[in-house]
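A quick write-up on the structure given underneath.
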Amino acid sequence: MARGQPRRSEEQWTALQNRTECKTKIKLTRCGKITLGILTAVLAAVLIGLIAYFAACGKDSFYYHVSFKVNNIDYDSKFAKPYSQEYMDLNKRIVSLMNETFHESKLRKQYVKAHTVQVSKAKGKVVIHAVLKFKACYRNNVEKYWESVETTLYQKLKGQTGLLIDSSSFKFSDIAMPIAEDLLNTCCGRRTIIHRGHKVAGGQDAEEGEWPWQASLQQNSVHRCGATLISNYWLITAAHCFIRAANPKDWKVSFGFLLSKPQAPRAVKNIIIHENYSYPAHDNDIAVVRLSSPVLYESNIRRACLPEATQKFPPNSDVVVTGWGTLKSDGDSPNILQKGKVKIIDNKTCNSGKAYGGMITPGMMCAGFLKGRVDACQGDSGGPLVSEDSKGIWFLAGIVSWGDECALPNKPGVYTRVTYYRDWITSKTGL
């Protein structure tokens, strides 16, 4: 029994220990509840703050239009061309000024971007027209936000900026989102998607927004030809697309990279075919199409730049042809827009006996490979052949016209040379 006494003592200790642990657990549980309550309150506050922030600074944006005269910059006619070096240099200067203005202000977290949308003339000096984009905050006090942006910009322009701003010419107003986005995307030859490679016959799928000037000409809801957007009203395409049907009522236009999901569909108001085009000859294979209503520019719908009549696209330079044409002669048409990188071939080579034997005239140009591989094909007709300059701007060099089948050796694609018809385009469209 003597060995039983420690056991009773052990039992007493165990019971005491259990009671002590129980009390400790109760205390920890109470502390845990307090801690949990504090954490819950903090998380709730953070969540409410985030909700409040996104309610005040959501996906919507504020847009403003500003214009002002600059007294120390003489107007140059080249400012009328958004792709000219003079225009781009001036735009860069204005955008830098806007960035500096708002990045150094209390609006720096809301400021998104600025862009010069037009340069006009007043008494021999330039007038800047720009659009500003801000995150939409202070929704309950739009006027206060408007005044804050205006005051910040006006005070900056009055100071030492390197530009002599005529303060009396300063104008500031808000602008609706669709119009603002149209203006922000109005520059020709620009795109938001960077190409990853090119393969049309022997081609490769394009990405959404990669070739935003590409349009589909549809007769009775069926894709017949490609076309290129050159303004918010005008498209340019091949005359031979209309040899069987030239009534505008029979045609529709859509954009986007999927034929199955057309974007911005438009009716056709007018079709103007070159007066000297005569099928089956290939000369003067050019036409312009006027839309019934203008398209609004956005990231996926933009215009290509029209080259000047004197602009050169040298032999062996890279160009890209796009379209929904068949992937091989007499093949099926794809749903996804196709792209193909080819090279310009000089007319002398293209007119050789092995190639087209003298059929290439000055109003035509060849592009592709003498070995074949990549080429435009049926259904690509009227679509763009575009060239990228050193500044990353895309110009319309050619219009898909004709060829001997698709991607055959010594039979590259033949295109209408846009520079040759530049004056004709201006006479019909004013562009």
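Backbone N, Cα and C define each Cβ position, glycine as well.
Per Swiss-Prot, the feature topological domain 'Cytoplasmic' maps to 1-33; the stated evidence is a curator's inference.
Per Swiss-Prot, the feature transmembrane segment maps to 34-54; the stated evidence is sequence analysis.
Residues or ranges marked as topological domain 'Extracellular' in Swiss-Prot: 55-431.
The annotation domain 'SEA' is assigned in Swiss-Prot to 60-177 on the grounds of sequence analysis.
The N-linked glycosylation site feature in Swiss-Prot is assigned to Asn99 (among others); the stated evidence is sequence analysis. Every protein chain shown contributes to the tally, and the Cβ of Asn99 (N-linked glycosylation site) ends up with 14 other Cβ atoms within 10 Å.
Taken from Swiss-Prot, the feature domain 'Peptidase S1' applies to 200-430, supported by sequence analysis.
Taken from Swiss-Prot, the feature disulfide bond covers Cys225-Cys241 (among others).
In sequence order, Tyr277, Tyr279, His282, Asp285, Ser381, Ser401, Trp402 make up the list of same-chain residues 6 or more apart from His240 (active site, charge relay system) whose Cβ falls under 8 Å from its Cβ. Sequence annotations record features per position, and here Swiss-Prot assigns active site, charge relay system to His240 (among others) based on sequence analysis.
Cβ neighbour count for Asn276 (N-linked glycosylation site) (all protein chains, 10 Å cutoff from its Cβ): 12. The feature N-linked glycosylation site is assigned by Swiss-Prot to Asn276 (among others), with sequence analysis given as support.
Its Cβ taken as reference, Asp285 (active site, charge relay system) is surrounded by 27 other Cβ atoms within 10 Å in the chains shown. DSSP classifies Asp285 (active site, charge relay system) as coil under the three-state reduction. Taken from Swiss-Prot, the feature active site, charge relay system covers Asp285 (among others).
For Asn347 (N-linked glycosylation site), the same-chain residues 6+ apart in sequence whose C-beta sits under 8 angstroms from its C-beta are Ile360, Pro362, Met364, Met365, Cys366. In the three-state DSSP scheme, Asn347 (N-linked glycosylation site) is classed as helix. What Swiss-Prot records for Asn347 (among others) is N-linked glycosylation site, and it gives sequence analysis as the kind of evidence.
Among the features that Swiss-Prot reports, disulfide bond is placed at Cys350-Cys366 (among others), with the record citing sequence analysis. Under a cutoff of 8 A between CB atoms, and with a sequence separation of 6+ in the same chain, the neighbours of Cys350 (disulfide bond) are Tyr356, Ile360, Cys366, Pro412, Val414.
Following the DSSP three-state reduction, the secondary structure of Cys406 (disulfide bond) is coil. Neighbour count (other Cβ atoms within 10 Å of the Cβ, all protein chains): 25 for Cys406 (disulfide bond). Per Swiss-Prot, disulfide bond is recorded for Cys377-Cys406 (among others), and the stated evidence type is sequence analysis.
Swiss-Prot lists Ser381 (among others) with the feature active site, charge relay system, giving sequence analysis as the kind of evidence. DSSP classifies Ser381 (active site, charge relay system) as coil under the three-state reduction. Around the Cβ of Ser381 (active site, charge relay system), 25 further Cβ atoms fall within 10 Å across all displayed protein chains.
A gap of 51 Å separates the Cα atoms of Asn99 (N-linked glycosylation site) and Asn276 (N-linked glycosylation site). Residue counts for the domain 'SEA' (60-177) under DSSP, helix first, then strand, then coil, are 44 helix, 47 strand, 27 coil. Note on the topological domain 'Cytoplasmic' (1-33): mean pLDDT across this stretch is 43. The 10 Å shell around the Cβ of Cys241 (disulfide bond) contains 25 further Cβ atoms across the protein chains shown. Looking at Cys241 (disulfide bond) and Asn276 (N-linked glycosylation site), their Cα atoms lie 15 Å from each other. In the three-state DSSP reading, Cys241 (disulfide bond) counts as helix.
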